[in-house]
Ligand SMILES: Cc1cn([C@H]2C[C@H](O)[C@@H](COP(=O)(O)OP(=O)(O)OP(=O)(O)O)O2)c(=O)[nH]c1=O
């Protein structure tokens, strides 16, 4: 049985879109980048930790498969996770204004036979945002719980001038890559 190690409602919706049957397993993995880790290494490690923690929580049943994912916004080699509060969200949006950033999403599929991963890196260009636009967006509350303090699937769409890559990857689960991973990972024997 496939499990999704995620509290994120977006990831559940996105995985449902692929038409696969799955259950959710709750995990709590700290998200803290080590000094020597590149952004991609960090995102990958956190996603793998979520999947591994899910397998542990399921007591590693022989037919259990667990998907874990992580998504972060990266600008100038700096990782923007979820904002702590409104002023942190505004500071992130100020930095993203009129710039192109990367959205890195990594997915791991783990089971008793092994572990495999897929990644997606998208490039997102933001429009120029003035203080009034930033304050209005933060006031929607949409920034919270989202890497980089915006949601492309919500009102944040109005901030995105250009996207190159995977829309579902920016939302948190790159569906093309995830579907391929599930095909390659097969059903456990
Ligand atoms: C950039 C961007 C991020 N996001 C979200 C996707 C992720 O859910 C979130 C980044 O946080 P994550 O730590 O990747 O995920 P999460 O804490 O929401 O869920 P879990 O760890 O339980 O799986 O930001 C959007 O929904 N829209 C966007 O446009």
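Using the three backbone atoms N, Cα and C, a Cβ is placed for every residue, glycine included.
Copied from TrEMBL, the annotated features are:
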{"type": "SITE", "residues": "10", "note": "site 'Important for substrate specificity'"}
{"type": "ACT_SITE", "residues": "70", "note": "active site, proton acceptor"}
{"type": "SITE", "residues": "71", "note": "site 'Important for substrate specificity'"}
{"type": "SITE", "residues": "153", "note": "site 'Important for substrate specificity'"}
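The closest partner of residue 10 (site 'Important for substrate specificity') among the recorded positions, by CA position, is 153; the full candidate set was 70, 71, 153. Between the CA atoms of residue 153 (site 'Important for substrate specificity') and residue 71 (site 'Important for substrate specificity') there is a gap of 14 Å.
With respect to Cβ neighbours within 10 Å, the recorded sites 71, 153 differ, and 153 shows the lowest count. The recorded positions listed here are 10, 70; among them, 70 has the most other Cβ atoms within 10 Å of its own Cβ. In the three-state DSSP scheme, residue 10 (site 'Important for substrate specificity') falls into the helix class.
Annotation note: residue 71 (site 'Important for substrate specificity') sits in a strand segment as assigned by DSSP.
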